[in-house]
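Engineer: Shown below is the structure under consideration.
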Amino acid sequence: MAAKKGAKTTTKKSDYYKVEGNAVERLKKACPKCGAGVFMAEHLNRFACGKCGYMEYKKNEKTESEE
């Protein structure tokens, strides 16, 4: 028989928000395809959505300043 799989752990969504007084600020970028409830992962040179696979590349600041 195959080994039993453990329970999946979920991320704490409260870590993705910053609350100051009555204002709430999102700390991570939201996916434009999935909507406001899905956050994108930030990698070295891109943002990626784990749900739909949408990817946005960051602009390279060095090449823009050299031109």
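Backbone N, Cα and C define each Cβ position, glycine as well.
Take a look at what Swiss-Prot says about it:
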BINDING   Cys31, Cys34, Cys49, Cys52  Zn(2+) binding site
ZN_FING   31-52  zinc finger
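What's the neighbourhood like for these features in this structure?
Structural biologist: When other Cβ atoms within 10 Å of the Cβ of Cys34 (Zn(2+) binding site) are tallied across all protein chains shown, the result is 15.
Sequence-distant contacts of the zinc finger (31-52) (same chain, six or more residues past either end, CB-CB distance under 8 Å): 16, 58, 60.
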Engineer: Near Cys49 (Zn(2+) binding site), which residues of its own chain have a C-beta under 8 A away, given they sit six or more steps off in sequence?
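Structural biologist: Once residues fewer than 6 apart are set aside, Cys49 (Zn(2+) binding site) is near Cys31, Lys33, Cys34, Val38, Met40, Ala41, Met55.
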Engineer: Using other CB atoms within 10 angstroms as the count, which residue among the binding-site residues Cys31, Cys52 scores least?
Structural biologist: Cys52
Engineer: According to DSSP, does Cys31 (Zn(2+) binding site) sit in a helix, a strand, or coil?
Structural biologist: strand
Engineer: Does DSSP put Cys49 (Zn(2+) binding site) in a helix, in a strand, or in coil?
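Structural biologist: Its secondary structure by DSSP: strand.
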